[in-house]
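Notes to accompany the following structure.
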Amino acid sequence: MNKREYMFSILDFVLVLLVIATVDASVPGGGGFDENYVVTWGNVLKLNQGEVQLSMDKSAGSAFESKHKFGSGFFQMRIKLPPKDTAGVVTAFYLTSKGDTHDEVDFEFLGNRDGKPIQIQTNVFNNGQGNREQKFVLWFDPSTDFHTYGILWNPYQIVFYVDKIPIRIFKNNKKYGVGYPSKPMTVIASLWNGEGWATDGGKAKINWSYAPFKANFQSFSDSGCHADGGNINAEACGSTTYYWNTIQYSRLSANETTAFKNVRAKYMRYDYCSDKRRFPVPPTECRLNQ
């Protein structure tokens, strides 16, 4: 990727400002890391209540997850990715119900050789079935500063955001037979060894001379409808008393739609809907998510 691809044009910058103005970044619950999250494995350093660092060496990666399960929400995390040569290293921020028939909504950041762009891979699982990958490069270097990555999940749609810019939509099309995540899900952040597949199809292995790899996280507010009993109360978690379930969040605004199309045209690098080798007939949701 050349330098020009990492920079927005003046028009792009204006679109970003317009979209930021239309997205409510507030969250219903406060609290720091210890109130809302717990370390689940590996080396996790709490720099303070406002920042946590995951690290990975040859022995292990690391992860933390939310104390609560959720039935809807607008989940946002500020992340600074590991720098330099990170081929094979995967940093993840996602929602999951766990288990063989899990629902899941993924942000996976796929490391690369120094000087080559990190890719974001997004995916949506329902009842254990995924294979809905879309990949993007970014218009900035995600290892030099914190950027905000968000997942909106409500009864209408799932939207993936980068710095409040929508990059992917997965609509609720159950009425057309398309599966849609509906199980209570936990928020998880992790840093792990994905060298078997993450970079150049697994050809680029981890250069351990750069270890330990470190990813930093901020923003640990509770931003979802709690569903800790094992089942989602659809009426409660779909209530418009939660701002993310209001009509404003049932579809993209005009400004968001323009920015969405712009980002996908310039920065999308893979779309399962266009992969005729894997899917000679595109999955039903591909047409419906347009």
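The backbone N, Cα and C atoms fix where each Cβ goes, glycine too.
Please treat TrEMBL annotations as automatic predictions, because they have not gone through curation.
Note that the structure is predicted; figures quoted are calculated from it, not measured.
Taken straight from TrEMBL:
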type: ACT_SITE; residues: GLU104; note: active site, nucleophile
type: ACT_SITE; residues: GLU108; note: active site, proton donor
type: DOMAIN; residues: 4-217; note: domain 'GH16'
type: SIGNAL; residues: 1-25; note: signal peptide
Those residues of the chain, 6+ apart, with a Cβ under 8 Å from that of the residue listed as 'active site, nucleophile':
TYR94, LEU95, THR96, SER97, ASN123, VAL124, PHE125, GLY130, PRO181, MET185
Which residues in the same chain, at least 6 apart in sequence, have a Cβ under 8 Å from the Cβ of the residue listed as 'active site, proton donor'?
VAL90, THR91, ALA92, TYR94, ILE120, GLN121, THR122, ASN123, GLY194, ALA198
Please average pLDDT over the domain 'GH16' (4-217) for the predicted structure.
90
